[in-house]
Amino acid sequence: MDKIRIVGGARLNGTIPISGAKNAALPLMIASLLTDEALVLANVPRLADVALLKRILGNHGVDITVAGKRIGEAELSGETVQFSARTIVDTTAPYELVSKMRASFWVIGPLLAREGFAKVSLPGGCAIGTRPVDLFLEALQTLGAEIEIDAGYVIARAPNGLKGGHVVFPKVTVGATHVTMMAATLAKGDTIIENAAREPEIVDLAECLIKMGARISGAGTSTIRIQGVDRLHGTRHAVMPDRIEAGTYAMAVTMTGGDVLLEGARYDSLAKPIEILREVGAEITETNEGLRVYRNGAALRPVDVTTEPFPGFPTDLQAQLMALVCRAEGTSHIRETIFENRFMHVQELARLGAEIHLDGQNATIVGVPRLKGAPVMATDLRASVSLVIGGLVAEGETMVNRVYHLDRGFERLEDKLSRCGATVERISG
Ligand SMILES: CC(=O)N[C@H]1[C@@H](OP(=O)(O)OP(=O)(O)OC[C@H]2O[C@@H](n3ccc(=O)[nH]c3=O)[C@H](O)[C@@H]2O)O[C@H](CO)[C@@H](O)[C@@H]1O
Ligand SMILES: C=C(OP(=O)(O)O)C(=O)O
C-alpha cells in the first residue's frame, strides 16, 4: 500500500494547475448514459474514482476511449475522454462496484429515464456517515417510477417512461438534485425541483445537458425547471476546475506561507472559503490565470465556521480548515452540519500535536505553536489531505498511510506540492 512521506518546514512558492473537478466529472460521465451519441469530456481528472466509474459505465455498455490531450495542454492537466452509450447492455449496477463509490448509485436516474428500468445496489454508509438514499427514491417516485427494494438492490421501473413532477427536497442534496435533473430531461412534461442544491457542479452538469438538447433553467438557484424532451444528443464539454482541490491548496499555502498561483481556480466557486482564509491571514487575489494565494510570516488567526450547502462553507473543506487552524494563535470553532461523522481526522491530527475537543457536531480547536511529524492514517478522502496540510508544517517526518483515500480525489498531489518546494514523496509499497 502506498504511503506519502512529508518533511515539514518549507514554504510553498510557484504554480499549481487545478485539475478538473471529481464531483463534476462523475455526474457528467453518468450523463453519457442518457444518449446513444458520443459525449466527449475534456479536462477529466486521472483519479481512482474516475477509473472506477469508467468500469461501472463499461459494464452498462458504454464504450470509452481516451482521445488524449490537446496540443499545448500542461503535463498535469486531465484527459479528453469519449463516452458512447450506443446501447445499454446491462441495466444492473452490482454491489461489488456500487459499494466502492457512492456516486455510482447515480446511474439509476439516466438508466431509468432511458430504459424504463434500473436495478442498482444500495450504496451503504461510509466513513463520514450513514448517507441514506431516501430522497433520491422519493424524487424518482414523484417522476412516476415504481420502486422496490430487494436483497440490497433498488429496483426502479417506469415501463411507459418517466413523467414530469413537482419535487420538493426537504433538505439540500447534491446527489439527488443531479439524479432528478438527469432523469427529468427525458421525462414527459415539465419538472420543477425546489430546494435544489446550488453547487457549481450542478450548474456544470446542467450546462452540459443543455448542450445535449435538454431544456433546463434555474440551475445554480434553489428552483430548477426542466421541460422533458424525447431524446438527447452528443456534445463536447470541459469539466469545471475542482473548487475543493483549489481550496485545499489555498489552505496549504496559508499554512506554510509563500506565494502560489492556483491556475484555473475560480473565485465565484470559492467565495466563502476565500472569505474565511482572509480572516485566517491569507491574501488572495483573482488574476486572469486563476487565484493567487499569499501569506508572509504573520500569525494565523482563529475562526468560527459552520459547514453548509453552497454558497456556504463546504463540508469537503472542513478537515483541511481544521488542520490549518491547529496552528492559529487562539481558539477556533468548527461546526459540521452536513455529515454526522466527519471528524475522523481529529484523532490523527492529535497525533501531530493538535489540541482539538469534540462535542457532537462541534469541534473546538485550541491553536498550538508547533506540530510534530508522526505516522498517521488516512480515514477518508478529505481527512487524508488534512493530514498532508498538517505534515507540511510539522517538525520532521510525517508518514501518511492508506493513501488510496487520497487517490480518489487528488490528482498527483505529491508532484503538485513538490514543484512548489515542499518535501513530499510517494513511497510505493
Ligand atoms: C460525488 C459528490 O459530488 N459528492 C459530494 C456530494 O455528496 P452527496 O451527493 O452524497 O451529498 P448530499 O448533498 O446528497 O448529502 C447531504 C446530506 O443529505 C443527506 N441525504 C442525502 C440523500 C438522501 O437521499 N437522503 C439524505 O438524508 C446526506 O446523508 C447528507 O447528510 O455532496 C456532498 C455535500 O456537499 C459532498 O460532501 C460530497 O463530496
Ligand atoms: C465525500 C466525498 O465524496 P463522495 O460523495 O464520493 O464520498 C468528497 O468528495 O469529499
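Positions of Cβ are set from backbone N, Cα and C atoms, glycine also.
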Among Ile155, Ile284, Ile334, Ile338, which residue shares the UDP-N-acetyl-alpha-D-glucosamine site with Arg102, Arg131, Pro132, Val133, Asp134, Leu135, Asp316 according to TrEMBL?
Ile338
With an 8 Å cut-off on Cβ-Cβ distance and a minimum sequence separation of at least 6, pull the same-chain contacts of Leu135 (UDP-N-acetyl-alpha-D-glucosamine binding site), or say none.
Phe169, Pro170, Lys171, Thr173, Ala176
Which residues in the same chain, at least 6 apart in sequence, have a Cβ under 8 Å from the Cβ of Ile338 (UDP-N-acetyl-alpha-D-glucosamine binding site)?
Thr307, Glu308, Pro309, Thr315
Between the Cα atoms of Asn23 (phosphoenolpyruvate binding site) and Arg102 (UDP-N-acetyl-alpha-D-glucosamine binding site), find the distance and write it as a whole number of Å.
11
Across the domain 'Enolpyruvate transferase' (8-417), average pLDDT on the 0 to 100 scale:
96
